[in-house]
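Worksheet: the structure to be examined is printed underneath.
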């Protein structure tokens, strides 16, 4: 008979040898620093939308009053879904495809996510290419969009210096004129006059093509070693934008007329709160700003240790993201206030959102400042760092999802596989570098992550709470963090978050408007193509269901039931973290009791093992209640 092993309760974990070096699967990789995960999440969430969408949305939806629905929607659907995604990733240590071992019937949700992220990654890197173009153009003593008289300018071009001079002599009619920065953007950078529309892309703009190649090269080099390399790059890309933002903010508020812009941005118009549109806009801003549903949060959390405090991290990232958006509004509108005073026009005539703000209005404002190339370079360098870490997340999501599906073939060749993905997406993005490329970019932006993404998030929420079970999900979180989510999270996951998302989806469908760029209206075939992009990601869900049902045996209903249950190996990736129903369900596992595994390996019982015992006891009590 073998002698029972008595654990040495006095030996500390650090003095043990053997296979205790890390809680994460080594072959998969994991974060190497304490702040890698937190900074990656901040970098991912704080992106271009914080600078060019939030300030504009705020002022068009009631100014300071917009902050009321904004923070309410953050509490109802932002924070809870953010925490749900992190929990799923950390608990399973799996990417957005393999995580559907939780309910294989719905694996199509993961496929839909990957399709959406791939489409977004194609056009998002094109925006980074535009930023690089402007960054290089700022390395001069005189900004090229400062004056008229260049070969790309037309007779409609009117310099703001002329306007200022005109105010002192004769009034100048500026209604039918175009600023130099707008002509530089449309006629020189895009060369859009070479295309008659989306069906006529024209020639490739080689300077843009080279910028796109450079941006893909930068992204590849940063994700070359997975989270071990991107986790270090974010120490710069996630923090440096804040330094520049503060510099632009200080410069902005010290300008003459800045207060006019800030007043315009923040003056509360509480009558707007009675409009459903304002609440929908707030929810949309939260939804896209936090990046829920794209798989990035789930992917990042999957590289955490099992007991990482993601509860704390959720509040740090979501609130930090909201504060950053508000700060960016001050930096943008203070400069727009100064610009409106210089031009002698109201603020609402110079305020724009999206690319129009980043590549037309703000560059024009830069030309009015002393040392304009310096401020222009800073602004575009900030946009570059804001965009890059969001792109890292998109790429890491795609690579992790596929390598987790085929770990034996792809994990040893992860660098090569990443290169193949980057090259493929670069080639697909070449149409965006043509003279009509902006039309394709608008089409991708409008449809790739629209209603398809909302369907993915709603389905995820319903599967976790209804199919997998809210009790079981909360118990999993208890295993990880040592406490169960409170009534607030349960209420949001069960009712409030899905209901809000459904309202968003219905609003998007009812208020559907065809895409347009300036005065150009997209043809019907382009609209159909865009709608198909969104529908295809939704169709992945029923397609995945069909495949999952065909792999099971029995009657149709038995197959559906079997496919909806978690896979046998669902649960924590390491044996010592598996308790209760997860015991001995890993391939090759010989452990009858996870508690003994802990005692043998770690010497003694920690607070997490106590949690494991509590969870087991709760499950036994529930089983007894059900049997009675």
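Using the three backbone atoms N, Cα and C, a Cβ is placed for every residue, glycine included.
TrEMBL annotations:
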BINDING   43, 46, 50, 289, 321, 386, 389, 390  Na(+) binding site
DISULFID  148-157  disulfide bond
TRANSMEM  37-55  transmembrane segment
TRANSMEM  67-88  transmembrane segment
TRANSMEM  109-136  transmembrane segment
TRANSMEM  233-250  transmembrane segment
TRANSMEM  282-303  transmembrane segment
TRANSMEM  315-339  transmembrane segment
TRANSMEM  374-394  transmembrane segment
TRANSMEM  415-441  transmembrane segment
TRANSMEM  447-468  transmembrane segment
TRANSMEM  488-510  transmembrane segment
TRANSMEM  530-550  transmembrane segment
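Sequence features annotated in TrEMBL and their locations in the structure.
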residue	record	Cβ neighbours (10 Å)
43	Na(+) binding site	28
46	Na(+) binding site	28
50	Na(+) binding site	24
148	disulfide bond	20
157	disulfide bond	20
289	Na(+) binding site	24
321	Na(+) binding site	25
386	Na(+) binding site	27
389	Na(+) binding site	25
390	Na(+) binding site	23
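Rounded to a whole number, the distance between the Cα atoms of residue 50 (Na(+) binding site) and residue 157 (disulfide bond) is 31 Å.
For the transmembrane segment (374-394), same-chain residues at least 6 beyond its ends with a Cβ under 8 Å from one of its own Cβ atoms are 40, 43-44, 46-48, 50-51, 117, 120-121, 124-125, 127-128, 131-132, 134-135, 138-139, 143, 215, 218-219, 222-223, 230, 233-234, 236-238, 240-241, 244-245, 247-248, 251, 291, 294, 296, 299-300, 358, 362-363, 366. Relative to the transmembrane segment (282-303), the listed stretch 447-468 leads the set 233-250, 447-468, 530-550 in CB pairs under 8 A. When each of the listed stretches 109-136, 233-250, 315-339, 415-441, 488-510 is scored by C-beta pairs under 8 angstroms to the transmembrane segment (67-88), 488-510 comes out highest. Proximity of distant same-chain residues to the transmembrane segment (415-441), defined by a Cβ-Cβ separation under 8 Å and at least 6 residues beyond the stretch ends, is recorded for 118, 121-123, 125-127, 129, 190-198, 200-205, 208-209, 212-213, 216, 219-220, 223-225, 395, 398-399, 402-403, 517, 520, 522, 526. Taking the centroid of the Cβ atoms of 43, 46, 50, 289, 321, 386, 389, 390 as the Na(+) site, the other same-chain residues with Cβ within 8 Å of it are 42, 44, 45, 47, 48, 49, 238, 241, 291, 324. Of the two recorded stretches, the transmembrane segment (447-468) lies close to the transmembrane segment (109-136), with three or more CB pairs under 8 Å once pairs fewer than 6 apart in sequence are set aside. When each of 109-136, 233-250, 315-339, 488-510 is checked for Cβ pairs under 8 Å to the transmembrane segment (37-55), 315-339 comes out on top. The stretch from 109-136, 233-250, 488-510 that makes the most Cβ contacts under 8 Å with the transmembrane segment (315-339) is 233-250. For the pair residue 43 (Na(+) binding site) and residue 148 (disulfide bond), the Cα-Cα distance reads 38 Å.
Residue 389 (Na(+) binding site) and residue 148 (disulfide bond) have their C-alpha atoms 36 Å apart, to the nearest angstrom. You'll find the Cα of residue 289 (Na(+) binding site) roughly 37 Å from the Cα of residue 148 (disulfide bond). Between residue 321 (Na(+) binding site) and residue 148 (disulfide bond), the C-alpha separation comes to 39 Å.
Geometry remark: residue 148 (disulfide bond) versus residue 386 (Na(+) binding site), CA distance 31 Å.
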